[in-house]
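Peer 1: In case it helps, Swiss-Prot gives these features for our protein:
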type	residues	note
COMPBIAS	407-417	compositional bias 'Polar residues'
REGION	397-424	region 'Disordered'
TRANSMEM	30-50	transmembrane segment
TRANSMEM	101-121	transmembrane segment
TRANSMEM	125-145	transmembrane segment
TRANSMEM	167-187	transmembrane segment
TRANSMEM	261-281	transmembrane segment
TRANSMEM	303-323	transmembrane segment
Amino acid sequence: MFFANALKDYIDQLNDLTILLNDNFTVFTFLKSLIIYLFDSIKFVFIYLVSCKWLTDFIELPCTFKSNYTAILEGKSILETNVTPSFFHFLETKPLTSNSFLTGFLNSFFLTLPFSVPHLLSLRAFLINGLPAGISAALGTILGQFTFFICVFFGFEGILIPFLTFEPLNYILGFVIVVNVLYNMAHKPNMEVLNKSQLTILSKFFGLNFVLSWTEQTSLFHYCGNLTFNNVPTLLQSAEEGVSKLNGITTFFLPNFLYLVGILLGSFLWTALLGFLFTIFRNGLSRVLTIPFMFLNDKIHKFIFVLTFTFCLTSIPYYGFDYLVSAPLGFIGQDRALEFFKAKPYYQIATPAKDKVYGEVFLNPIPFDRTGQLELQLSEKPVATFEDYSVDSENAWRNRQKRRPQNTKLQSTQTSRKTFENKERNQDQTFIETFYKSIKITEKSKLSKVEKDIDQIASKLFNPIAYDYYDQGMDHSPYTRKLFREKFYNNPVYKSFVHLDMISFLQGQPESYNLTAIDEAALYRRRFLLENYLASIHDYKDLILKKQTNNSYAENVYNQQFKGSLDLVRHYFSISLTSDINQFDSFGSLLLSDNQKTKKILKFDQPLYKNYLQESNPILHEELDLEVKTNLLQNSVKKKKTELFKKDREVTLTQSKEETEATPFYIGWDGTLRKFLVKKACTPGIPFGNEAFSKNPTPYLPTGLPTYLSFQSWPLNLNENNFKSIFDKGVSIPYTPLSKENALKVAELFELENFKFDHANLSNLLQNQNLPLYNWNILLGNSKDPLLPKNLNAYIDLGNTLPPQFGGFAWPGETIKLPGFLNFLNSNKNDSSF
């Protein structure tokens with residue numbers, strides 16, 4: 001009878017379903033409901049038997065039999081008496097997250113994303129310190145989160161309440177730990193790969209991440225809220241159950257336990273999956289870009305360091321003043337005692353014109369601070385919403401009166417006054433015409449001195465330049481002008497128009513005038529060198545004005561490196577190419593390299609130059625008449641031809657002479673006069689002081705002498721009296737003889753005893769000493785590639801020389817051709833005056 005009534009009740013339920021579902025009740029729905037009903041019935045019977053509830057029902061049968069029997073006779077459904085409404089939950093559409101274990105497994109994905117400081121440290125330990133370090137750090141993070149979830153779900157008040165009571169000390173503790181970690185990462189980074197045997201270091205990784213998972217609260221999802229796959233507000237809630245159902249094993253402990261197990265297993269699986277993906281990405285990046293692992297690990301370390309430092313800083317403004325300061329002191333949120341800390345949207349400031357007149361300057365309120373909008377507003381004043389101040393267009397319209405310029409009232413009065421004047425202009429027209437008529441001068445008289453002074457003073461006082469009218473408002477804000485220029489110069493449309501304008505201008509001149517980028521760069525380099533050369537000359541002129549010291553000249557100028565060679569010229573008469581010239585090292589490489597191209601600078605100014613040297617006369621202006629220029633050019637050309645003809649005649653007359661005038665000049669320091677001199681003199685025995693010509697023209701040979709040499713003393717002049725006497729004694733003295741003081745120093749240098757200064761014995765004494773010789777290996781035939789033939793060795797041997805004075809360098813003038821020079825030597829071989 002019981003099963004018959006149960007079957008009847010089931011059919012009644014199906015009839016009710018057909019009425020509810022109407023046309024959606026299909027055969028598939030019927031079979032599905034039948035299978036689920038049978039499965040739930042078997043489960044109900046099985047639980048009924050296992051839980052021994054049948055025993056309690058059998059004991060209570062005398063009490064419940066009457067009510068059940070009466071219900072059967074009355075035709076009531078047996079399901080309404082003994083079966084709970086949850087028995088028919090199979091008819092409801094269950095979501096995927098109705099299973100607590102699956103919900104915890106899916107929600108654990110958000111707990112493993114590397115968007116918090118503990119996860120970043122775990123990722124760094126895995127990628128840099130190896131797999132054991134990564135497992136230890138990740139295990140500390142996961143267990144720290146899992147223990148916190150256990151304390152929250154099962155209500156361990158002995159742990160949570162003291163922990164939450166000490167806020168914000170727990171946050172400060174986590175902040176201090178993170179700062180310490182950042183300091184170690186910056187100064188003592190651990191870049192070694194760890195193994196399983198280093199348990200001490202691995203335990204530090206585990207403990208650090210475990211503590212940070214409880215105390216450090218920095219995460220990217222602070223501003224996004226808690227992300228979950230179910231419809232509950234936070235991750236700390238497994239299902240939406242009522243308070244009355246939180247006291248059973250099946251309704252509370254079992255779902256929460258399954259939820260926590262899902263979180264634990266999901267955290268391990270998602271962490272392993274993310275670590276595997278990061279490893280594949282790092283290896284692929286290193287393989288594709290051919291980057292070494294050491295370099296890539298260093299970049300990963302720096303990136304995680306910067307990201308951790310950023311998270312550490314962003315946590316401070318997130319918690320704010322209320323959480324960190326006012327809440328521990330006992331203040332509540334929006335406490336009236338702290339109103340003076342709140343930002344006000346209006347500030348009253350005194351204008352510089354009037355001290356007692358105040359103007360209101362509007363500032364946007366703090367975002368999301370709507371406490372002022374909750375206050376009671378007057379009926380006359382409309383309530384302003386947050387959007388009225390956040391949107392620029394609405395903000396400008398709300399504050400249109402406050403943005404009105406200060407001279408609005410003045411302009412309105414001027415406008416009305418002008419309108420009034422226009423109405424009465426006809427009445428005053430005659431007066432204006434007569435007033436502006438020019439007055440004829442009847443008498444002329446000279447101005448007095450007072451009147452002239454008044455005119456001069458008035459011209460100065462009432463000059464617009466004196467009041468700087470033209471520059472008014474331009475120089476007050478140079479930063480505004482800079483922004484104005486950047487705004488236009490960064491505009492691509494403006495840049496394209498300027499570019500087209502300049503190109504059209506440059507195309508209007510001849511094509512030969514357009515320099516290439518390399519030509520412009522070379523021209524700029526020459527200008528720069530010439531500028532530094534002229535600056536060095538000015539610096540040299542100011543040397544005599546420098547303050548004299550008690551130190552010797554050598555110690556003061558040359559820093560105890562006074563040697564008397566070419567260093568003297570570098571120190572004293574150097575072309576001071578400053579350190580700015582170093583920029584041309586890379587600049588010159590651009591000119592020579594093929595891979596890099598020198599970019600041309602777009603500008604209006606172009607250098608003026610001639611295609612030919614005699615194209616125009618530099619004295620005449622370029623806009624003079626062409627005929628005048630051509631006549632002057634022809635006259636100048638004729639004059640140059642006559643001068644060249646005269647010079648050729650003089651050259652032919654001087655070809656028979658033994659020696660021409662001394663064309664070379666010498667630059668150096670004169671030790672006797674203590675002056676830096678530029679002199680003309682010839683050096684006996686050295687071919688650089690001669691310039692010879694041959695009557696018979698000979699073919700030109702490319703081999704020539706060098707165009708400069710370095711010398712260590714000054715050469716002798718031809719008209720000195722003792723030149724011939726000294727030269728006859730066989731000593732080569734190509735410079736001025738030493739003074740008495742310098743000769744004594746030379747004697748001390750060579751340890752000459754009983755030395756007396758005399759020009760006669762000076763040569764004899766110094767002739768017997770082993771003095772250093774001039775190094776002429778480059779010119780003589782001893783080297784591999786001599787510049788002169790071997791038959792000239794006898795004419796360039798200087799023999800013994802006197803100890804050097806102060807040196808310099810010499811320039812012989814034009815390059816000497818060897819055939820003419822050989823003829824000159826053959827004709828003057830035995831001449832002693834040479």
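Heads up, the Cβ atoms here are built off N, Cα and C, so glycines get one too.
Not measured: the values here are computed from a predicted model.
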Peer 1: Considering pairs 6 or more residues apart, do the transmembrane segment (125-145) and the transmembrane segment (303-323) have at least three CB pairs under 8 Å?
Peer 2: no
Peer 1: How about the transmembrane segment (167-187) and the transmembrane segment (30-50): at least 3 CB pairs under 8 Å, pairs 6 or more apart in sequence, or not?
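Peer 2: The answer is no, given that the two segments have fewer than 3 Cβ pairs within the 8 Å cut-off.
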Peer 1: Look over the recorded stretches 30-50, 101-121, 261-281 and say which has the most C-beta pairs under 8 A to the transmembrane segment (303-323).
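Peer 2: When the Cβ pairs under 8 Å are tallied, 101-121 comes out ahead.
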Peer 1: In the same chain, who gets a Cβ under 8 Å from the transmembrane segment (261-281) while lying at least 6 residues past its ends?
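Peer 2: Those are 100-109, 111-114, 122-123, 126-127, 134, 138, 142, 145-146, 149, in sequence order.
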